[in-house]
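Annotated features in Swiss-Prot:
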- G64, P65, K66, G67, S68, G69, K70, S71: ATP binding site (BINDING)
Amino acid sequence: MSNIDETENQEYLLLKAKNIITERTQSSYLPDEYIGAEKEAETLYAILDDAIINKKSTVGLITGPKGSGKSSFFKHCLKKYNESDYLLVRLSGMIHFNDNYALKEIAKALGIKIPSGLNIFHTFEFIRVKLGKETLESQINTSTKKIQFQSLPVVILIEELELMLTSLSTSKQSLFYNLLDLSHYKNVSLSFIATTSQHDIVNMFEKRIKSRFTQESIKIPPLSFDSIQIIFKNLISLPESFDDEEYRDTWNANVEKSLKSTSVIENFKKYYRLYNRVNNYHLLVNEIIDNLDYYDKDNKWINSKIINDGFEYLNQDVIEIMLKSLSVLEFTILGCILNTKVGTNINDDYITFDELYDGEYKKLSYSFFKNVDQAKKPSTIRILQHLLLLGIIKTQSRANDSGDFPKFKIAIDPDSIINAAKNRNDLPTVIVKYVTEWLT
């Protein structure tokens, strides 16, 4: 192989290695093993065995702080089962704030078509009848044929359960009770697994709901220092399946050597005192990968200096780093949130989703983009979820009784957003002007 061919091959291998590792920092990535919660995984496996293998209707509750990996933990455990053996319905207390939507998703999984125009009460009643609830007519006519349903067990994941029940109103408690009640029909296997960052949420349930959660909740434990180191090593190491065995072994040997460096270990200990969640280390991984350069002999492979430089970068203003990491669309939505507040004469610091989406966001689309090609509402809500997870916005502690998306507001200094817009080179000029000129 000529020197040119070898150089091109090495460049290709480095690019491929970068892509593999960068993908591991995405929210959709699931590791082959879940470090630090092995005991908790066995408990969830037992629940899922009942739900999927034994086709029993069951409930489970996974608790842990925001960003602790509750949803990833569930998805990791679910990987054990063949996807053709169950149906999964995912609901979110943040996104699916419309009760009818939740019911229709569940009915769809059960193979039940809901007639249009039914209110919540009649929708529940319609589903119950379809599931085999005895009516006066069926009691009289015992020859009534039972409807055949989807034989696959249905697992319903409700993420951020506390947002569904935040208002603690009777209607919301009744909604959840009625959902759980659907699992008691003999001719269907319907199980509920909920995640929440509110560890004492069971104490907030009415007695009739609390009685359903007889087993102790699964608590995601904080990661130990050793677990964090193992996870980080796994994140930046190349897999056995990597194309070039020699390149993989050299890469992994450099990773092993670097992580044993005294200075790297000390930096890990300092950072661990502040952060013990995996997503806090994704920024470090991305910074390390960004600094690798085939043509720079000092940065050709991962080494202790590159890792320590990454820690130094993280020691900058954390807010500044987070704002740099936002996508252009996320930053645009953030600017719209700020301008929604500026453009209204309301005393309440919190704004509604409609004020943002149908107000400032649509106004921006018309004024700068000359069209109404906005992101869809579910996509916008997911962006708000991400901003909430990062702590850039916060929601009111209580949702309103109608089940609308909770009001929210900026939780950081607006000046930091303006400064970030000025310093980011990837933002369109119109967005920079929108944020820096409209807000000042």
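Any Cβ shown, glycine's included, is placed from N, Cα and C.
Known features from Swiss-Prot, placed on the structure.
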residue	record	CB count, 10 Å
G64	ATP binding site	22
P65	ATP binding site	14
K66	ATP binding site	12
G67	ATP binding site	15
S68	ATP binding site	23
G69	ATP binding site	20
K70	ATP binding site	22
S71	ATP binding site	16
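Apart from G64, P65, K66, G67, S68, G69, K70, S71, the ATP site neighbourhood in this chain, defined by C-beta within 8 angstroms of the site C-beta centre, holds T195, S197, I220, R277.
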